[in-house]
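Below is one structure; the comments refer to it alone.
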Amino acid sequence: MKCFAQIVVLLLVIAFSHGAVITGVCDRDAQCGSGTCCAASAFSRNIRFCVPLGNNGEECHPASHKVPYNGKRLSSLCPCNTGLTCSKSGEKFQCS
């Protein structure tokens, strides 16, 4: 239980700090490497991670902003990689 509490505190410190990104946690695209964006966690929009851009056939969000985006993304999906577009395929949107 003590270890769990320490992990929770560590995650809160990381989420609310403005320091360097060490674990892939980010605030904005500029903190992520090439080929990635700072996307919201699927579990909490207050936590964001550096996530790879979408490849051919992968799910995407049609309203996702281009990279780099200076604001905070609300989606857990990054835009498609260069040369790909996010288009409807059946019930979902996919990079193609």
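Cβ coordinates come from backbone N, Cα and C, glycine included.
Values in this document were obtained by computation on a predicted structure and should not be read as measured data.
Residues or ranges marked as signal peptide by Swiss-Prot: 1-19.
Taken from Swiss-Prot, the feature disulfide bond applies to Cys26-Cys38 (among others). Note: Cys38 (disulfide bond) has non-local neighbours Cys26, Asp27, Arg28, Asp29, Gln31, Cys32, Arg48, Phe49, Cys50, Val51, Lys72, Arg73, i.e. same-chain residues 6+ apart with C-beta under 8 A of its own C-beta.
The number of other Cβ atoms within 10 Å of the Cβ belonging to Cys32 (disulfide bond), over all protein chains shown, comes to 23. Marked as disulfide bond by Swiss-Prot on the basis of similarity to another entry: Cys32-Cys50 (among others).
If you look up Swiss-Prot, you'll see Cys37-Cys78 (among others) marked as disulfide bond. Same-chain residues at least 6 positions away in sequence with a Cβ under 8 Å from that of Cys37 (disulfide bond) are, in sequence order, Asp29, Cys50, Val51, Leu53, Val67, Pro68, Tyr69, Arg73, Cys78, Pro79. Under the three-state DSSP scheme, Cys37 (disulfide bond) falls in the strand class.
Feature annotation from Swiss-Prot assigns disulfide bond to Cys60-Cys86 (among others). All protein chains considered, the CB of Cys60 (disulfide bond) has 25 other CB atoms within 10 Å.
According to Swiss-Prot, the disulfide bond annotation covers Cys80-Cys95 (among others). Cβ neighbour count for Cys95 (disulfide bond): 22 (other Cβ atoms within 10 Å of its Cβ, all protein chains included).
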Notebook entry, point to check: Cys80, Cys86: which of these disulfide-bonded residues has the sparsest Cβ neighbourhood within 10 Å?
Noted result: Cys86
Item checked: CB contacts for Cys50 (disulfide bond) [other CB atoms within 10 A, all chains] -> 19
Check: If you count the C-beta atoms lying within 10 Å of each candidate's C-beta, which of the disulfide-bonded residues Cys26, Cys78 ends up with the smallest number?
Finding: Cys26
Notebook entry, point to check: Using DSSP, would you call Cys50 (disulfide bond) helix, strand or coil?
Noted result: strand
